[in-house]
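Remarks on the structure that follows.
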Amino acid sequence: MRNQIVKKEKIASKTYSFWIYHPEIVSHYKPGQFIILRVTEKGERIPLTIVEVDREKEIFRIIFQVVGKSTRLLSKIDENEMILDILGPLGNEVRINKDVANILFVGGGIGIAPLFSKIKEFLKEKKLKGSVILGARSSENLILENEILEITRNIYITTDDGSKGKKGFVTDALRDLLNTNEDIDLVISAGPVKMMKKTVEIAKKNKIDILVSLNTLMIDGTGMCGGCRIEYDNKTRFTCVDGPVFDGYKVNFQQLIKRNNQYHSHECKIKNLEDNL
Amino acid sequence: MAVNPKDRPSEERINDFDEVNLGYTDEEAVKEAQRCKECGVCIKGCPVRINIPAFISQIKKKNFKRALSIIEKDNILPGICGRVCPQENQCEARCIMDNPINIGALERFLADKKVPKDIGIYPSKNNKKIAIVGSGPAGLTSAFELKKSGFEVVVYEALHKLGGVLRYGIPNFRLPDEIIDEEIEQLKKMGVQFRTNFLIGKTLYLDELLDKFDGIVIATGAGLPRYLKIPGENSIGVFFANEFLTRINLMKAYKFPEYHTPIYKGKKVVVIGGGNVAIDAARVARRLKSEVMICYRRLEEDMPARNEEIQHAKEEGIEIKTLLNPKKIISKDDGKIKKVKFVKMKTVGKQQDGRNAVVETEEYIDIETDIFIEAIGQIPNKIIQQNSKGLEFDSWNSLKIDENMETTKNNVWAAGDVVSGAATVIKAMGEAKKAAEKIIKEIGG
Ligand SMILES: Cc1cc2nc3c(=O)[nH]c(=O)nc-3n(C[C@H](O)[C@H](O)[C@H](O)COP(=O)(O)OP(=O)(O)OC[C@H]3O[C@@H](n4cnc5c(N)ncnc54)[C@H](O)[C@@H]3O)c2cc1C
Ligand SMILES: Cc1cc2nc3c(=O)[nH]c(=O)nc-3n(C[C@H](O)[C@H](O)[C@H](O)COP(=O)(O)OP(=O)(O)OC[C@H]3O[C@@H](n4cnc5c(N)ncnc54)[C@H](O)[C@@H]3O)c2cc1C
Ligand code: SF4
Ligand code: SF4
Ligand code: FES
């Protein structure tokens, strides 16, 4: 049945992987796209990246971290159950210039999930050269390491606490790699907005192009509400229909950070209410 | 003397999202109906050509069920039209009486009677299948007409709920959800199939629909917001009306945290625009306990919103300031809006459409606010054409059609706001009916 979770797994601390049956989304999927789903009748519409698809079984995969109310409710749905509403695939296919030959992928935290769809596309399907930097707070937060290892051995891992790989941030590893590896001609970055902002600054310093996969607040995902808008090249753009992948040089991150915090106090309110239950 | 339906007192209604207009009692409706001369002049003013004198005549005789079935021959959405149709410019404008009969209110009265309705099941009888894209008033009306004529009809809708602007745009205090649900339920009973969460152009492509169906009606509306393009527009607290209204109407953010979608609130709200959308956004903000001001660049008499709604807004304590045009939004260090700089406008004669023409003066004023809502119009979005070829749009994104309501693509028709640009519910329905008639003529055999 459409919208059914055919496989559910907990893959890291607070992080879940679902394979969901949906023939139309799978057959129309292009790498870089996402879905919007709703868990209950009173629920929010939340965006999640399509991490990969299995065209034969007509299933697609999402990976998400429990950060608030909606992702918590989502994590409680059991295998074989249905997700109430799923809309997709939304957004655009990620595109790179024809002459790009060597890509450096940078993913932080749950950002590794959206990054994986691009790694798979360019390193596995298109067989380009590349390397990957993965970062997490600690080893139990690190996701998709094995899947990525199956695609490339060029992996660099950093953790904030040093429990795996090098102690430090992905941005440190990025700086090192760009300084030592002259062949890299594109960086693709996904993770917390502050991390992406930093990666853009570093890429810029090294005069290397960078694509970022943005996560704004969204409602409809169809270009109707304007809630997902960003300032891009001094113009307004809608992440859901113009993105979600953008040229990192042109994104006004300062403003994106502020806009993403708009509902911070509301989310705290929900959290307090739940904590008191 | 005309009998007018009563409104709830403004002090009471600004505390909730329940309906403002209470509708007629039986006695009031009959009394109002009795004024009608049954001349039929008004029918020309109704885009779906309801037989108005015939249904009013049945109200006089208290045959409410018969009266409603007369309406439902031509209009499956009487509860909706009776509430939001700009009747004063449509049927009622044509009425011969000095004090026009309240046709819309009578229509709503019947729809609200909830007498068991006479809609039967309509089996598919011509083996022809039509796909309709969009479940707003245009999509619903063409579904109704085509189903009635024996087509198999499937409606595809991008959102998780049906109704288009009726659902996500127009607030519950003007059009309750239950009314939309009931009227759509009628269509389901007739055998119309609905598929929510299908964005055509993404989930399925138009060309794929064409392979499976004999014809398509595009009724995707005008959902893409226009915005001012002034500095500071992406500050926190600046909304496009669509977002503000969608959070409230579709996602029920006014019931947060019972419903999980939040809404950003402010003590002071400034709304820009003069149409229905601006008035709705202002009245919603008022119900969220804000102090609300509408700023419009021309004069009040030029506002395109329905007069009744402007009056309602004023009763609810919303201030309307005219001859002001926003130039710049100034925000605080934390990114939140602080104030808006407006240029004062002045009138310089009349335009062709009879409204005042205005130009900027050299005087400016600043207005402090916590929330700024832009309601300056919408145009169609073009997602439907993605991954397919052959549809043509004009420079305002309106879909091009010929005199048969057919697009530049074979077997693809279109109706509603996607063709006309943002218009009205009943105009969208009138066109949808026309498109359905053309389809029936062309492939109905
Ligand atoms: C195109 C796109 C793709 C995404 N892909 C993924 C994915 O593959 N996996 C995944 O786990 N998450 C992804 N996200 C983020 C995900 O949508 C949010 O984590 C989710 O909406 C949070 O909902 P909640 O109700 O659980 O949390 P809330 O209670 O709404 O928020 C909890 C915390 O998360 C922050 N937050 C909420 N929404 C976002 C957002 N969109 N971006 C950044 N911070 C946010 C809040 O400010 C708050 O601090 C994606 C977002 C976008 C726009
Ligand atoms: C706030 C507001 C208040 C209004 N008040 C009034 C009023 O009082 N009286 C009045 O007469 N008019 C009013 N209007 C105008 C009126 O609502 C519209 O003219 C009317 O709804 C247009 O109908 P439609 O069917 O063409 O499009 P819509 O109602 O816009 O419906 C289009 C539907 O198509 C869906 N869609 C779009 N693209 C796709 C796609 N690619 N695939 C699948 N689905 C898609 C959309 O999600 C939407 O549900 C108001 C409008 C607004 C915004
Ligand atoms: S549908 Fe609108 S125009 Fe037609 S009769 Fe009813 S109120 Fe009048
Ligand atoms: S024009 Fe007025 S009086 Fe004549 S039928 Fe219509 S409502 Fe009645
Ligand atoms: S989410 Fe509404 S326009 Fe992008």
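Glycine is no exception: its Cβ is also placed from the backbone N, Cα and C atoms.
Quick look at what TrEMBL annotates:
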type    : residues                     : note
BINDING : A:Ile63, A:Phe64, A:Gln65    : FAD binding site
BINDING : A:Cys225, A:Cys228, A:Cys240 : [2Fe-2S] cluster binding site
DOMAIN  : A:1-96                       : domain 'FAD-binding FR-type'
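Features as recorded by TrEMBL, highlighted on the structure.
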{"residue": "A:Ile63", "record": "FAD binding site", "contacts (Cβ under 8 Å, 6+ apart)": "A:Ile11, A:Thr15, A:Tyr16, A:Ser17, A:Phe18, A:Thr49, A:Val51, A:Ile110, A:Ala113, A:Phe116, A:Ile143, A:Leu144"}
{"residue": "A:Phe64", "record": "FAD binding site", "contacts (Cβ under 8 Å, 6+ apart)": "A:Thr15, A:Tyr16, A:Phe18, A:Leu48, A:Thr71, A:Leu74, A:Ser75, A:Ile110, A:Ala113"}
{"residue": "A:Gln65", "record": "FAD binding site", "contacts (Cβ under 8 Å, 6+ apart)": "A:Lys14, A:Thr15, A:Thr71, A:Gly109, A:Ile110"}
{"residue": "A:Cys225", "record": "[2Fe-2S] cluster binding site", "contacts (Cβ under 8 Å, 6+ apart)": "A:Ile219"}
{"residue": "A:Cys228", "record": "[2Fe-2S] cluster binding site", "contacts (Cβ under 8 Å, 6+ apart)": "A:Thr216, A:Leu217, A:Met218, A:Ile219, A:Gly221, A:Phe238, A:Thr239, A:Cys240"}
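In the three-state DSSP classification, A:Cys225 ([2Fe-2S] cluster binding site) falls within coil.
When the C-beta distance to chain B is held to under 8 angstroms, the binding-site residues A:Phe64, A:Gln65, A:Cys225, A:Cys228, A:Cys240 reduce to A:Cys225, listed in sequence order.
Confidence over the domain 'FAD-binding FR-type' (A:1-96), given as mean pLDDT on the 0 to 100 scale, stands at 96. Note: the domain 'FAD-binding FR-type' (A:1-96) comprises 13 helix, 42 strand, 41 coil (DSSP; helix = H, G, I, strand = E, B). Around the Cβ of A:Cys240 ([2Fe-2S] cluster binding site), the number of neighbouring Cβ atoms within 10 Å comes to 26. Proximity of the binding-site residues A:Ile63, A:Phe64, A:Gln65 to ligand 5, judged by a Cβ distance under 6 angstroms to any of its atoms, singles out none of them.
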